[in-house]
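Data first, discussion second: the structure below is written as structure tokens.
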Amino acid sequence: MTQGPGPNLIPLTKLTLGEILSGSLNSLRRMPKTLLGIGLFSGFIVGIATVMASALFVRNGESLELPQIPNPSSTLNQEQLEELLTALGPTLRIAVVTTLVLFVVQTISAGMFTHIIGNAIIGKKINAAESWTKTKPQLGRIIVVSLISFLFPILAIVAGSSIGVALTGISNLFVFVGLGIGLVGAIYMWISLYVIVPTLVLEDTTLKGALKRSFYLAKANILRIFGIGIMGIITSQAISIVVSTPFALFAQTGADQDPTTSSVFMSTMGSVIGYTFMLPFVATFTTLLYTDLRIRKENLATDLNKAANQ
């Protein structure tokens with residue numbers, strides 16, 4: 001492990017939204033080989049999975065042509081609905097494959113990015129191989145907590161909606177009340193579990209410990225995490241759109257409704273480049289927010305300054 005050049009990635013004190021954003025963007029500039037290299041490799045895995053799934057469905061005689069969307073004001077009969085679902089089938093199956101592969105890739109890369117940023121915060125650098133060595137023993141736990149952070153908000157919506165449906169005998173209004181309760185619960189779970197991955201990775205704790213710590217760090221910071229989290233989503237999507245737009249434009253050029261090989265290739269390349277930048281940004285943003293929460297609640301700044309001066 002070697003000392004990184006220049007100042008630390010962020011001020012070792014309570015962070016503002018601007019400092020979290022600038023730190024996340026500066027990390028890509030200061031460590032492009034490591035962060036963008038891992039991001040590019042991750043993006044290629046997702047891209048290859050998408051292309052292979054597309055090729056498999058086309059080889060089986062299925063078309064990727066998008067169906068004609070009926071007039072929203074008209075009522076679909078059973079036959080039209082079946083035709084629409086059949087036409088959307090290949091696209092939906094490709095989306096499922098891509099989502100599953102993306103989840104696994106993002107989960108693994110998030111652990112690696114978190115170790116890299118955790119060291120960069122105190123002015124030290126580790127390479128991709130070192131981050132993988134640190135992440136490998138934690139992979140099982142990282143996957144589980146990632147699943148938890150994904151499923152718990154969904155379960156909250158399902159539970160709230162189920163309660164609403166169960167009470168429809170009293171009034172149909174309870175359906176909306178139940179859905180509202182479910183949405184509030186989902187948002188609360190999303191906020192409370194927002195930093196569970198960096199909590200587990202950097203503290204190297206158990207699943208139960210990571211859950212407790214994530215809820216503890218979020219306590220009394222609900223609105224702050226919500227606002228900063230939303231801004232992180234907006235910024236990461238904006239970055240992905242900006243870097244992938246040129247490829248999307250090329251993909252549309254000369255392509256008809258049924259995608260050609262070149263258009264699928266260019267579209268996939270756009271997604272790969274988008275993931276290359278988005279994945280490290282999201283992981284860095286989350287890690288910096290985790291660091292800020294610990295500084296505010298546990299005076300972590302003292303320990304960080306000591307580590308940075310060693």
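Any Cβ shown, glycine's included, is placed from N, Cα and C.
No curator has checked TrEMBL annotations; they are predicted automatically.
What TrEMBL records for this protein:
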DOMAIN    16-293  domain 'DUF7847'
TRANSMEM  35-58  transmembrane segment
TRANSMEM  94-122  transmembrane segment
TRANSMEM  142-167  transmembrane segment
TRANSMEM  173-201  transmembrane segment
TRANSMEM  222-249  transmembrane segment
TRANSMEM  269-290  transmembrane segment
Contact check, the transmembrane segment (269-290) vs the transmembrane segment (142-167), 3+ Cβ pairs under 8 Å, seq sep 6+: no
Cβ contacts under 8 Å made by the transmembrane segment (142-167) with residues that lie 6+ beyond its boundaries: 103-104, 106-108, 110-111, 135, 174-190, 193-194, 196-197, 200-201, 207, 210-211
